[in-house]
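The structure appears right after this line, and notes come after that.
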Amino acid sequence: MADNSVSEQLLQRLQDGGSKGVDSLELAALLGVEHQQVVGAVKSLQCLGQIIEAEQRSSKKWELSSEGEEIAREGSHEARVFHSLPKEGLLQSELMKQPIAKVGFSKAMSNKWVRVDKAAEGGPRIYRVVDSIEDAVKEKLQLILKGKADDVNEKDKNELKKRKLVNEVTVKSYWVTKGSGFSTSITKQETDLTPEMIASGSWREKQFKGYNFNALGVMPECGHLHPLLKVRTQFRQIFLEMGFTEMPTNNFIESSFWNFDALFQPQQHPARDQHDTFFLQDPALATEFPMEYLEKVKKVHSEGGYGSQGYKYDWSIHEAQKNILRTHTTAVSARMLYKLAQQESQNCASSRRTTLTQSPAWKCSVTMKGYRNGWKLGILGSLGRSCCCRWVCRKT
């Protein structure tokens with residue numbers, strides 16, 4: 001039976017019953033449908049407004065297990081063992097071949113329905129003690145199966161439960177009564193206000209479904225890495241596979257010497273103004289510098305050198321000593337190039353992001369003797385092949 005038909009039957013029952021209500025379990029039995037189908041009809045009607053009122057109720061119910069249903073049909077294990085014994089008795093070894101013998105024999109012995117003659121010829125033999133029996137277990141299970149569990153006392157029900165023949169379950173049902181807007185005709189409520197309704201004015205005659213502010217919405221996906229972080233990780237791995245070493249960038253406080261002067265940015269440059277750079281108050285000045293290299297930087301600033309005319313001003317070491325919050329990772333490159341110049345040739349790479357968060361930038365340096373343009377072309381070619389290969393694999 002369709003849900004609409006169940007809903008209509010429910011409304012008709014309420015209409016015929018006057019002010020009385022309808023129990024969902026009784027209605028399911030009356031209509032010959034599953035109780036869950038009636039529950040679905042009740043909830044559908046509740047969504048339509050004040051057509052019905054539904055009160056949820058809970059009750060205890062006894063149900064037979066699969067083994068209990070078998071006993072209700074064919075009899076208890078002990079009764080079947082008793083009926084399987086002929087008048088002349090049966091060898092215990094033969095009796096135990098039956099699947100129900102193990103449980104049935106012990107229960108039949110407890111009920112004093114059978115006895116064992118251990119001195120019998122051929123081995124222990126089982127005999128009947130009484131001529132007839134009453135299978136009380138079967139009768140009690142049949143009463144529970146018919147919905148008459150109240151006719152079985154609690155002690156017997158607990159015994160049956162102990163034998164795993166019955167289960168006590170909680171049954172939830174609904175007591176349905178007429179609502180303030182009760183009607184036997186079901187009008188579908190609109191869930192969306194469309195532009196067509198507004199244009200035609202038909203929304204005035206429509207009934208709209210109310211918002212359920214207690215309903216749970218779709219949980220947004222969260223906890224993901226930012227796409228820029230994913231791209232950065234991929235490029236970092238490419239450089240590492242090509243043999244580069246990542247430069248340490250965890251020195252966020254830097255001296256003006258490495259941040260500006262070593263990169264040959266003049267000390268009067270506007271970028272070194274307090275409006276663009278954060279200067280530290282404590283410690284305000286750096287004191288440790290490679291003095292030989294510092295003198296070379298000072299000379300290039302003041303006088304020029306290596307093909308440069310310099311800036312032709314009096315370079316101040318006090319200005320170079322000022323500590324700042326590092327403004328770019330190029331300062332790290334300057335440190336590393338100086339450090340590598342004191343060591344053997346090796347590759348070194350560093351990742352940095354520009355001031356635009358949408359544009360991650362990478363820098364790498366190769367320091368070695370005999371470096372030629374062919375090396376650069378080879379590195380760029382390897383980088384391009386690695387990037388294209390990873391992109392194609394991800395797209396595939």
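Backbone N, Cα and C define each Cβ position, glycine as well.
Curation does not apply to TrEMBL; its annotations are automatic.
Keep in mind that what you see is a predicted model, and the values were worked out from it rather than measured.
These features come from TrEMBL:
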type	residues	note
DOMAIN	3-62	domain 'PheRS DNA binding'
DOMAIN	76-133	domain 'PheRS DNA binding'
DOMAIN	135-166	domain 'PheRS DNA binding'
DOMAIN	211-341	domain 'Phenylalanyl-tRNA synthetase'
Model confidence over the domain 'Phenylalanyl-tRNA synthetase' (211-341), averaged pLDDT: 89
Same-chain residues near the domain 'PheRS DNA binding' (135-166), Cβ under 8 Å, at least 6 residues beyond its ends: 61-65, 67-69, 71-72, 75-76, 78-79
Within the domain 'PheRS DNA binding' (135-166), residues counted as helix, strand or coil by DSSP: 22 helix, 1 strand, 9 coil
